[in-house]
């Protein structure tokens, strides 16, 4: 089975959802995930496919999924549930369900999604894995899903309700119990036939030709690693680093003589153990070593290159710098009284001593998150204190955060000696890296076992960072809306307004907005370091159909994804991107649309992004196909996707708040 645990959105910054999802917005989440999974799996042999579980199409909870410690989820109706998540109900209106939580699933279904996992919790009062409206009504009938549904960890409380509600596999029944239920009429034979057809058809579709379909009774460990994957993982990790601050063009580092390395996140946990799956217990706000993944159900990395490992390799390779390190977040800041006399006088190792003696100080901190429990805080006081302690004595403090979602930074981001900042966040059980350099800052995501190399590649300018934030970093935790619901009726009162949509609607100034990220330029010479610059121009809107006589509703026959005309291309929006700097770099152009007032929609919504690599002086054109779906809202009165006639705003920019070119568009419906 190919499966990929996606896509998850969450309305609360501390919830586990950010550890298991890709972003805080629904745009094309699944489309890109499916393309990546397909690219990964296609070259595999049938033997490899039979022996390896890749996780592609089975996602962690269809629609609202936020269960864990304090839960906003879906379950319980007067029954005695052992699992706390099953006592909790995610209650939300139909428009929010469709425009936020269902949206990325539509991409998955449209791209041939094979299987879906139903959630443990309740949705609007009904257990997710027994919910006929969610599984049959919306997923199978409304979106045209042709695959099968599996349960999350625990079987439904009512086995028959699960089968009748759409659950096709592992309902909790034995074969003999199912046969008896069919025989006595409590489960119609037609229901079981449909489930069987969906399972077999999906397997044959993914593992054709059918006569070669591998069905091993016993499986053995099989090495499917491609030696070249190491380089890919390293490059993907470094290109996923988000640079958030780079004061005085601190990065890339140019022939440094001495580095100070601080923080437990700089090295692997010396005594072990390696991370273990633990779904039940809160594991703390931070991890006691270099964090490369969120906790939970995942395949462990075969090895981990920490930042200290990577720096050691670079120093040993004749790079001309030395380093000292303190691999602790709470080491002595100032020296104790001196002992000894003359040449033998010493005052002991301290943070202040190593910071003073270092040309640049690298501070590594992290924020941990895991499946089975929510995060307790958005900032770690010990880590914040370490940053300030180092920055008090080091004029060039570079902060690298490996974190499982949002991590507040206002305790130190304005410190005059913090020159660089980067941020890494675990997504899909992976970690993002944010870098802040005092004077600068980057963020990194998903470098896994090559994490240390990926970070160091950016620090020394081997790779120009070009990634963008996939969530908003606020100035205060109080700026976020949505609160963890302990139990049991959890109302999604924020509706459509999560993350940047909330900040825009409420007029709140973030510290770093959704989509933000810096880059620097380096031509490989040690004395070159500056921002590369990009310009956006020539924004054009080309209708693909008559936009003055549009039908308001999508009414086509149901295909995979929904009504066929929902995917009709209405417009093509294009623009030119130019590199006006002196060296090569990459820009992520982001397209946002605003809807007419009558739509009562968020201020702006992401509807496209494109990453382009440009040589100095080069210009490339980007284009964004806009479907009917991109211009529609969910009409709760008719239960249909609807285009609201009126003026639409079209903006292209570098983030959700930094716009470079704007246009307006008027759509008329009949």
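Just so you know, glycine gets a Cβ as well, placed from its N, Cα and C.
The active site annotation in Swiss-Prot covers 152. Other Cβ atoms within 10 Å of the Cβ of residue 152 (active site) number 21 in total over all chains.
Look at Swiss-Prot and you will find 51 (among others) tagged as N-linked glycosylation site, backed by sequence analysis.
What Swiss-Prot records for 141 (among others) is N-linked glycosylation site, and it gives sequence analysis as the kind of evidence. Sequence-distant contacts of residue 141 (N-linked glycosylation site), defined by Cβ-Cβ distance under 8 angstroms and a gap of at least six in the same chain, are 558. Taken residue by residue with DSSP, residue 141 (N-linked glycosylation site) is part of a helix.
DSSP assigns residue 184 (N-linked glycosylation site) to a helix in the three-state reduction. If you take the C-beta of residue 184 (N-linked glycosylation site) and look for same-chain residues 6 or more apart in sequence within under 8 angstroms, you find none. As annotated by Swiss-Prot, N-linked glycosylation site applies to 184 (among others).
The N-linked glycosylation site feature in Swiss-Prot is assigned to 248 (among others). When secondary structure is read from DSSP and collapsed to three states, residue 248 (N-linked glycosylation site) falls in the helix class.
The annotation N-linked glycosylation site is assigned in Swiss-Prot to 330 (among others). Around the Cβ of residue 330 (N-linked glycosylation site), the number of neighbouring Cβ atoms within 10 Å comes to 12.
If you look up Swiss-Prot, you'll see 417 (among others) marked as N-linked glycosylation site, on the strength of sequence analysis.
Residues or ranges marked as region 'Disordered' by Swiss-Prot: 65-87.
Per Swiss-Prot, the feature signal peptide maps to 1-21; the stated evidence is sequence analysis.
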Inter-residue Cα distance where the pair is residue 330 (N-linked glycosylation site) and residue 152 (active site), in Å: 40
Name the residue among the glycosylation sites 248, 417 whose Cβ has the smallest number of other Cβ atoms within 10 Å. 248
Three-class DSSP assignment, residue 417 (N-linked glycosylation site), comes back as coil
